[in-house]
Structures are given as C-alpha cells and as structure tokens.
Amino acid sequence: MKIFNTLNNSNTIDGFILLGFPCPREGQILLFVLFSIVYLLTLMGNGSIICAVRWDQRLHTPMYILLANFSFLEICYVTSTIPKMLANFLSKTKVISFSGCFLQFYFFFSLGSTESFFLMVMAFDRYLAICRPLHYSTIMTGSLCINLVVSCWIFAFLWLLIPVIIISQMSFCGSRIIDHFLCDPGPLLALTCKRIPVMELLFSTLNPLLIIILFFFMMGSYTLVLRAVLRVPSAAGKRKAYSICGSHLAMVSLFYGSVLVMYGSLSSQQEEGMQKIVTLFYSVLTPLLNPVIYSLRNKDMKRALQKFL
C-alpha cells in the first residue's frame, strides 16, 4: 500500500523511484537474502584473488597483475548497484535521490566500460605471450602494464562524463518511476520534460560503439592467437596455450554475450522484458563467476589461493 501511495505521489518526490523487482514482502526478503549471499561471495572470491596475487611473489607478472586489477574492478562494479538494490528490497518507498541516481548511472556504466578496456588489454597480453613469446618480457614490462591499467580507468571514466553531466542538468516532469533496479539512461531520458532526439541517439550509440570497437579488437587478437596455436607442433604446447587463454575467453563470452543480447534485441518490447535479467547477468553473475573461472583453469592461481586460504 505504501509503494502504491508513493507511485501516486511520485511527482512530489525529490528523486526517482526504482521499482526493482516488484513482488510481495516475503519475496522481497527472499531476494534480499539471495543477493546478499551473492554480494558476499563476490567480495570474498575477488578479494581472495587480489590477496593471492599481492602475497605470492610468483604471481608478480603482468598477467596476474592485470587479473588482480580486474578483480578489484569487479568488486567496484557490483558495489555500484547491489547495496542500493539491497536497501530497496527492505524499503517501503524505493526512492533514490537525484544525485545518487546520476552517480550510480555514471559509475555503473563507466565501470562497465573499464571492464571492456581491461578485457581488451588482457587479450593483448595473451597475444604477446603466445604470438611473441621471445619478445614478451621486453614489450610487456612492469611500467607498460601499470600504464595500461591507469589508461583503462582514465579513458573509461572520461568516455561518458560529459553526456552524464548534460543529462543531469535537464528538467524531469511527470512520473519519476524507473522500472529497473538501477538508474538506466533509457528510462531517465524518457522522464525528461522535453525529448531531445540528439541526446537519445548519443546515449544509444556511445556505449555500444565503445563495446563493439573493443570487441573487434579482441577478436582480432584471438584470431592471431588461434593461428599461432594451430602452428604449435606438440599437443602439450597446444594444451598449454588453450589453458592460458581458456579462462579469459570464458569471461569475454559471458560479458559480451549478455551485452550483445542487451543491445541486439529485435524490438523494444523484448528489450524491456529482458533488460533486468540481462543486466543482472553481466553486472552480478559475471563478477561472481570471475574467481571460479580463473582459479579452476589456472594451476598457479589455484596453488596461490590454497596457500592464502
């Protein structure tokens, strides 16, 4: 009843209403418990990878340094959405402030872009390790690795900065209801007093454009890697090369598979119906599976995690 009253009085609310997953009170509590467990497991799993890389001297190589930074990114990624989602499960109004909404919007999509950059850099690292093994140590130095990590964060957070500032200065009329568990640009633009087709086109192309460019770069890197692996004469060498790239390809498939489903929906109705589920997949499930994928397929990481735990 209080949610119903909140929706009726949404014009007087200083912020927005995140509907999330509408269901009875018992269902909200069950979802709260479920996502709390997922959040804690994600923090523990990715945190264990960071600690293992930090304390095991054998893992102080560019490949594992990138993996540790990627795990830290995954922690930030889930933290940008799940805490507010958990609070809304127990809230009777489900209100998020204007500043909180735009901060969540900016950090969620910037961190998602950072993940795309990191996957590209990790693909480049695997290309050098397999296709240029004799020159790997001279090319992928510690300073280059650090510069690549810093560049991923800077470029990703600058990519959407100006568009987010522009939309945050717009006026919002009518309903303040967002049928999502996070502040998404589509529903936000639909709530503006004056529709601006240019801004809608900008948001609908800017983030997918970056993802598509990075995706094709990764596919090019792995095509060269596959060619190099097929030329390896020994079966043991091929298995080692597949083992090195297998975990990373699994993570790329999970992340980009769900993102391509999101942006490749044939109709807006399909997109609205699948949006929450697909967003959950790449924003919650992928960070949860990251430690499992990388630890199960990597003997050095398994030894380091066993030693740490």
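Cβ coordinates are placed from backbone N, Cα and C, and glycine is handled just like the others.
Given the structure is predicted, the values throughout are model-derived calculations rather than measurements.
What TrEMBL annotates here:
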type	residues	note
TRANSMEM	29-52	transmembrane segment
DOMAIN	45-294	domain 'G-protein coupled receptors family 1 profile'
TRANSMEM	64-83	transmembrane segment
TRANSMEM	103-124	transmembrane segment
TRANSMEM	144-166	transmembrane segment
TRANSMEM	209-230	transmembrane segment
TRANSMEM	242-265	transmembrane segment
TRANSMEM	277-296	transmembrane segment
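Long-range contacts of the transmembrane segment (29-52) within the same chain, counting only residues at least 6 positions beyond its ends with a Cβ under 8 Å from a Cβ of the stretch, are 21, 23, 59, 67-68, 71-72, 74-75, 78, 82-83, 85-86, 89-90, 284, 287-288, 290-292, 294-295, 301, 304-305, 307-309. Put simply, of 64-83, 103-124, 144-166, the stretch with the most CB pairs closer than 8 A to the transmembrane segment (277-296) is 64-83. Residues 63, 66-67, 69-70, 73-74, 76-77, 80-81, 84, 96, 148-149, 151-153, 155-157, 159-161, 164, 182-185, 188, 207, 210-211, 214-215, 217-218, 221-222, 248, 251-252, 255, 282-283 of the same chain, all 6+ positions outside the transmembrane segment (103-124), place their C-beta atoms under 8 angstroms from a C-beta of that stretch.
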